[in-house]
Amino acid sequence: MSRVTLSRYLIEQTRSNNTPADLRFLIEVVARACKEISHAVSKGALGGVLGSMGTENVQGEVQKKLDVLSNEILLEANEWGGHLAGMASEEMDNAYQIPGKYPKGAYLLVFDPLDGSSNIDINAPVGTIFSVLRCPNEYLSQNEALDEKAFLQPGTQQVAAGYAIYGPQTMLVLTLGHGVKGFTLDREMGSFVLTHEDITIPESTQEFAINMSNQRHWEAPVQRYVSELLAGEEGPLKKNYNMRWVAAMVADVHRILTRGGLFMYPRDSREPSKPGKLRLMYEANPMSFLVEQAGGASTDGHQRILDIKPEGLHQRVAVFLGSKEEVARATAYHKE
């Protein structure tokens, strides 16, 4: 039986689910950019891409060389194809305008070019996260400048989302709103090949991911919930849990999509004015779309993440996502 490449899968989606051709082409371009980023990541010190740039992004985070390179790869790959009206990146202050010499398309691309970049220098998994939205009609004119407001749509408006994870294998995990598929990069073929069909998250789990070093800063509902997880069989939840933490959302969520679990990045008392650390547009929305399509759930502790109306490109949010049973429990504790 012949293997199903990403291109073939997207063509079949065009036939069976009326996926627009422009969206298919856009996903293929993003996938090609991810292959290029994967190649750069795999070269490591041999490619001269390790270390920091000595600059900070809009988040106040020190930019790694690969952060900047990955951002440039995604911009250059996608700006000329005629599929996009604009782009927004975690590494850039403002929305990216499609140069006037190129045609505009009907979609907006939002991305974190290299999630978990603190892992680069220790050779641990990193990844690229992306989200696709439809551009509002008023911005589709060639003469209309694109501004931030075009992107400020709730996660329910996403038409596609996914991530590439650069680990022992490079994988692309994708949803077009009809379930979640996983594609592994065959380096000999140069193609992403469908290897994981109908990825599904179990409703219950015995695994969770959280940065325990921040425990003293958590709010009371999170303190209570995690203490119950750690209490194991002797505690109120009556079962033992294992904790995992890779310090890259893309890696932790990939594990949860693969075998179940709960990912938590709650707000804490160090910056009470901020509702969380992770970015709604670049990280929480695309990952929540994937998790829900795989049968899981995602909230900020109070409401469904995909229902949140963004107020800014770089808005932050608390995140609880993964197996439905545990997400529901953590959310219920916040409401008591």
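Keep in mind that glycine also has a Cβ here, set from the backbone N, Cα and C atoms.
According to Swiss-Prot, the protein carries these features:
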BINDING   Glu90, Asp112, Leu114  Mg(2+) 1 binding site
BINDING   Asp112, Asp115, Glu283  Mg(2+) 2 binding site
BINDING   Asp115, Gly116, Ser117, Ser118, Asn211, Lys277  substrate binding site
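Shown here: features listed in Swiss-Prot, placed on the structure.
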| residue | record | DSSP class |
| --- | --- | --- |
| Glu90 | Mg(2+) 1 binding site | coil |
| Asp112 | Mg(2+) 1 binding site | strand |
| Ser117 | substrate binding site | helix |
| Asn211 | substrate binding site | coil |
| Lys277 | substrate binding site | coil |
| Glu283 | Mg(2+) 2 binding site | helix |
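The Cβ of Gly116 (substrate binding site) has 21 other Cβ atoms within 10 Å, all protein chains considered. Reported as a whole number, the C-alpha separation between Ser117 (substrate binding site) and Glu90 (Mg(2+) 1 binding site) equals 12 Å. Listed in sequence order, the residues of the same chain lying 6 or more apart from Lys277 (substrate binding site) and placing their CB within less than 8 Å of its CB are Tyr265, Arg267, Arg316. Straight-line distance linking the Cα atoms of Gly116 (substrate binding site) and Glu283 (Mg(2+) 2 binding site), rounded to a whole number, equals 11 Å. For the binding-site residues Ser117, Ser118, Asn211, counting C-beta atoms within 10 A of each C-beta gives the highest total at Ser117. Of the listed binding-site residues Glu90, Asp112, Asp115, Glu283, the Cβ environment within 10 Å is emptiest of other Cβ atoms at Glu90. On a Cα basis, Glu283 (Mg(2+) 2 binding site) lies 16 Å away from Ser118 (substrate binding site).
In sequence order, the binding-site residues near Glu283 (Mg(2+) 2 binding site) (Cα within 10 Å of its Cα) are Glu90, Asp112, drawn from Glu90, Asp112, Leu114, Asn211. Here the Cα atom of Glu90 (Mg(2+) 1 binding site) is found 22 Å from that of Asn211 (substrate binding site). Take the mean position of the Cβ atoms of Glu90, Asp112, Leu114, the recorded Mg(2+) 1 site; other residues of that chain with a Cβ within 8 Å of it are Asp67, Ser70, Asn71, Ser89, Glu91, Phe111, Pro113, Asp115, Ser117, Thr128, Ile129, Tyr282, Glu283. You'll find the Cα of Asn211 (substrate binding site) roughly 16 Å from the Cα of Asp115 (Mg(2+) 2 binding site).
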